[in-house]
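Asker: The following feature annotations were taken from TrEMBL:
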BINDING   Thr12, Gly13, Ser14, Ile15, Asn124, Glu126, Gly203  NADPH binding site
BINDING   Lys125, Ser151, Glu152, Ser174, His197, Ser210, Asn215, Lys216, Glu219  1-deoxy-D-xylulose 5-phosphate binding site
BINDING   Asp150, Glu152, Glu219  Mn(2+) binding site
DOMAIN    6-132  domain '1-deoxy-D-xylulose 5-phosphate reductoisomerase N-terminal'
DOMAIN    146-227  domain '1-deoxy-D-xylulose 5-phosphate reductoisomerase C-terminal'
DOMAIN    259-375  domain 'DXP reductoisomerase C-terminal'
Amino acid sequence: MAPIRLIILGATGSIGQNARAVLEEHRDKIQVEGLVARSRFEAVHDFALAFDARWVGLTDPAAADRLRQFAPDRPYRLITGMEEVVETIHESSATTVLAAMSGFSGLRPTLAALERGMTVLLANKETLVAAGDLVKGVAAAHAAPLVPVDSEHSAIFQCLGLDQPVRRIILTCSGGPFRGMTREQLRHVTVEQALAHPNWRMGPKITVDSATLMNKGLEIIEAHHLFNTPFDQIDVVVHPESVIHSLVEFVDGATLAQLGWPDMRVPIQVALSWPDRWPLSGAPLSLTDRPLTFMPPDEEAFPALRLARQAGIAGGLYPAVLNAANEEAVAAFLARDIAFLDISRVVEHTLSVFSDTRPATTLEDILATDRWARQTAAAWIHERARTP
Ligand code: NDP
Ligand code: MG
């Protein structure tokens, strides 16, 4: 088999570093072509040296300057700024891109990879939430495969296997650090508590999304796009142990699940090796050392799930509004400008004043809507921050 020539968008993040651990075990199968980060230049430099990367992209120009000083004799090409990164992907001969930048900023380089016909291994769910129809249209036009990396969607992808008729997809959800709490109890939770996820070590944005359950809401929309599943056939069940990564119920009632320890190396490697499977180190799954439990999500205490589902059903540009408002709200919460419960209030307010029913089929419309939603959310946040 010819080696995979890989670009990693978000090489220094949690997914990027889990990918690095997978690459350690499969140096013979994968060549690193390019690594992209925003500003963590020492980490990306270290990664590039370890895997002989041909180029490194830093979207923050100040960080690129620091890398020039830090490593004047670097053996790779240094690309500076998002425009140059997008251009470099457009001209690249890589076969595969792992899209693992956080947030909406992953959209343009992901589109560039799809336009080039590359296989895109998608961790960056915000891209699909905000621009699902556009992303799928570009992927189809260029026969570019889109392979899920998000653990739930990887589980569904693996269960679907053959193209058989599905009755329902069931996404599992750990419930996050605040599972079981009432709205009253959630009023005073802190940033530190929100960042202490019980099962997964992830970047701050997705960790807060896991605490509000917006992560699961985004994943409902992600599943809708990836598997062409209507929203009324996507359910969520809380499963605190994070051992069953999701389930598919077929029309005859037979239900398949994918199990494993919570370890993102597995879905990353499945996406790289599919339809083959490669060996991977790690402790074997034990089914006898803990019970597996399930319960319905509490949409009263965690309204983000309902908001995301409603935005998904409304379709068009609504999911882009949901995503942008949520990104602004999470950043404001992490900056301690608003309280935890305000996050879903920002999202609900921003959705409630949006009334554009056009489809989300052009990049211009999606970018303009994203900007509008951020400004609208920021104005609400500003008001809130001034209210004692
Ligand atoms: P992290 O915050 O840990 O990492 C984000 C990465 O993206 C970093 O490499 C960061 O660079 C880079 N980045 C962010 N903004 C930009 C930008 N404007 N230009 C270039 N690079 C940028 O996030 P995660 O790894 O946790 O998550 C990445 C994506 O994967 C998210 O969309 C998340 O929802 C999804 N995901 C993550 C999972 C996980 O287990 N972590 C599970 C499932 C999905 P720098 O370090 O320089 O800032
Ligand atoms: Mg997930």
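Cβ coordinates come from backbone N, Cα and C, glycine included.
Predicted automatically and left uncurated, TrEMBL annotations should be read as such.
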Asker: Measuring Cα to Cα, how many Å separate Ile15 (NADPH binding site) from Asn215 (1-deoxy-D-xylulose 5-phosphate binding site)?
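Answerer: Cα-Cα distance, Ile15 (NADPH binding site) to Asn215 (1-deoxy-D-xylulose 5-phosphate binding site): 16 Å.
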Asker: I'd like the Cβ neighbour count for Glu152 (1-deoxy-D-xylulose 5-phosphate binding site), meaning other Cβ atoms within 10 Å of its Cβ, all protein chains included.
Answerer: 27
Asker: How does the model score the domain '1-deoxy-D-xylulose 5-phosphate reductoisomerase N-terminal' (6-132) in terms of mean pLDDT?
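Answerer: Its mean pLDDT is 98.
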Asker: Roughly how many Å separate the Cα of Glu126 (NADPH binding site) from that of Asp150 (Mn(2+) binding site), to the nearest whole number?
Answerer: 11
Asker: Report the binding-site residues (Ser14, Lys125, Asp150, Glu152, His197, Gly203) that meet this criterion: Cβ distance to the nearest atom of ligand 2 under 6 Å. Use sequence order and write none if nothing qualifies.
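Answerer: Only Asp150, Glu152 meet the Cβ criterion.
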Asker: Any idea which of the binding-site residues Gly13, Gly203 has the thinnest Cβ neighbourhood at 10 Å?
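Answerer: Candidates: the binding-site residues Gly13, Gly203. Fewest Cβ atoms within 10 Å: Gly203.
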Asker: For ligand 1, list the binding-site residues among Lys125, Gly203, Glu219 whose CB atom is within a distance below 6 Å of it, in sequence order.
Answerer: Lys125, Gly203
Asker: Just how many other Cβ atoms lie inside 10 Å of the Cβ on His197 (1-deoxy-D-xylulose 5-phosphate binding site)?
Answerer: 18
Asker: If one measures from the C-alpha of Asp150 (Mn(2+) binding site) to the C-alpha of Thr12 (NADPH binding site), what distance in angstrom results, rounded to a whole number?
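Answerer: It is 17 Å, counting Cα to Cα.
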Asker: Among Thr12, Ser14, all listed as binding-site residues, which has the most CB atoms within 10 Å of its CB?
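Answerer: Comparing the binding-site residues Thr12, Ser14, the most crowded Cβ belongs to Thr12.
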Asker: What whole-number value in Å do you get for the largest C-alpha pair distance within Lys125, Ser151, Glu152, Ser174, His197, Ser210, Asn215, Lys216, Glu219, the residues recorded as binding 1-deoxy-D-xylulose 5-phosphate?
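Answerer: Max span of the 1-deoxy-D-xylulose 5-phosphate binding residues, Cα based, is 19 Å.
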